[in-house]
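This report concerns only the one structure given below.
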Amino acid sequence: MEIFGNVVSGLGEGRFFVGLTPYKNKFKELTGFTPFEGTLNVKLKHNFNLDEFNPIEFDGFEIDGKKYFGGKVLLVKLFDKSGHSINCAIVAPKKTDHSKKTLELIAPVHLRKFLSLNNSDVVKIVI
């Protein structure tokens with residue numbers, strides 16, 4: 001399945017959460033790569049239901065009495081408008097401020113730099 005969306009600025013929280021060691025280790029275990037500390041946000045025209053694609057669920061954890069929620073991850077391939085691509089993953093935290101129209105992607109590299117992406121650029125996600 002192919003999904004198209006536009007690159008948008010995030011809330012600035014992806015870098016913090018992906019950088020937490022328990023999340024980083026879990027993402028490496030589930031995806032096969034150590035994620036860059038940050039996410040790429042892609043805004044879709046319609047709501048996206050990740051559960052239709054059998055994502056892998058992961059549990060939350062606690063650090064110094066602070067609870068961090070689990071979520072779901074799905075391996076995908078991301079393409080820029082020139083056809084360049086990279087394997088990455090959609091991450092859907094159980095607790096998020098994003099709408100169901102916004103996808104958060106992680107990869108072993110800084111996706112904006114690797115694919116020379118700017119806000120409003122159209123990208124294709126292949127599941």
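Numbering starts at 1 and runs along the chain as it is shown here.
Each Cβ is built from the backbone N, Cα and C atoms, and glycine gets one as well.
What Swiss-Prot records for GLY10, LEU11, GLY12, GLU13, GLY14, ARG15, VAL109, HIS110, LEU111, ARG112 is CDP binding site, and it gives sequence analysis as the kind of evidence. Residues annotated as Mg(2+) binding site in Swiss-Prot: THR39, ASN41. Swiss-Prot lists THR96, GLU104 with the feature FMN binding site.
Location within the structure of each feature annotated in Swiss-Prot.
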residue : record           : Cβ contacts under 8 Å, 6 or more apart
GLY10   : CDP binding site : THR39, LEU40, ASN41, GLU104
GLY12   : CDP binding site : none
GLY14   : CDP binding site : GLY38, THR39, ASN41, GLU104, ILE106
THR96   : FMN binding site : GLU104
VAL109  : CDP binding site : PHE36, ILE86
LEU111  : CDP binding site : PHE36, LEU40, LEU78, ILE86, CYS88, LEU105, LEU117
| Tell me, by DSSP, whether GLY14 (CDP binding site) is helix, strand or coil? | helix
| task | Identify, among the binding-site residues THR39, ASN41, the residue whose Cβ has the fewest other Cβ atoms within 10 Å in this structure. | result | ASN41
| remark: Around the Cβ of GLU104 (FMN binding site), other Cβ atoms within 10 Å, all chains included, total 23
| message | Between the two most separated Cα atoms in GLY10, LEU11, GLY12, GLU13, GLY14, ARG15, VAL109, HIS110, LEU111, ARG112, the residues recorded as binding CDP, what distance in Å do you get? | response | 19
| said: So, three-state DSSP: helix, strand or coil for GLU104 (FMN binding site)? | reply: strand
